């Protein structure tokens, strides 16, 4: 991670860390790196429903206009909506203003290249290098060569048309409850499922600039769980603030996470001969029950580091078309280039419609192993991988598990923590294994 770009673009508290001044520079230098070979490059900008979105959009637009770009403002739209439209409209770049599932005071800026994919580490490094130069030597067009800005609020409709084409048939007879996190999908999701003839009940669809992700959305699925039962819905679909994640709820109110959705969809796609190489890409944090369920269905799996960008990289490299994370970032590369909550919802609904089975029955085919994750604050998180005593206790626990469990000990990507995760046959065994390892990590390198 660099000075400005983290694991998912530039993030910070809006107007404190992520200031308009910084947003201007990100627009100017980011726009230049992505479009420098083009005369009057086209750049799309979308935002979620945060109050700070207008302020940051204004600064970003100014930065892009200063390099001569033609900016098209999409208004409130999901992150995957920007990604899709950037490629579909032959734009040189796309920008999304959002901090995803984070609280309202945060915001972020995320770029997409003309191919609809997130930037490479090298591109981000070049943007940072230019931003930190003592003198701004970028071209400064004048007169008729200055940039132009236009609104293209029809972009959302174009994206919805694309999504509707991914439905195998209409959803007549399915009662779906939607939780849109008071975010970017608040209008999109409601129209999408109504247009596909589902019976729709909604919550979290009244954004006021301040209530995004506030007790609603994919990070608070318990709210949707209660709503599904209250409305007697067949299933619930919860999106996050920028619409790139999906967590579902079955008709009984049970939460169905990203691993389960991935399993359900990949099994169905395999049965139709549409799963490339019968392989799914996931991260090391996916549940052991996920891998065992895939194995039973003859589906292979590839594991990556945590982060949807690493999942996408592995998919692109070897041509796989389904991947994702337990958190609900699910990528269907035949259709879009990034995690897409609405697209994932349609893939799940396609499966429900084709099988005629309730979501609870489909989800029950994957038996989740009890999982426990404990964070330990340490002096040097990177030393955990070479500590002999830690290695010894991990080896001891793995021997006891005898293949019926899994241990993962890794440094956090963003904080001075070591994450200790175990999965085992029972919750009691899980607790015991994690506590044994945590004890050794604390005594060897823990902070008091």
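Just so you know, glycine gets a Cβ as well, placed from its N, Cα and C.
Per Swiss-Prot, the candidate among 83, 100, 395 that belongs to the Mg(2+) site alongside 240, 242, 244 is 100.
Sequence-distant contacts of residue 100 (phosphoserine), defined as residues of its own chain at least six apart whose C-beta falls under 8 angstroms from its C-beta, comprise 8, 79, 108, 240, 241, 242, 244, 245. Excluding 100, 240, 242, 244 themselves, the residues of that chain whose CB lies within 8 A of the CB mean position for the Mg(2+) site are, in sequence, 48, 78, 79, 98, 101, 183, 184, 239, 241, 243, 245, 339, 341.
Taking the Cβ of residue 240 (Mg(2+) binding site) as centre and 10 Å as the limit, one finds 34 other Cβ atoms among all the protein chains shown.
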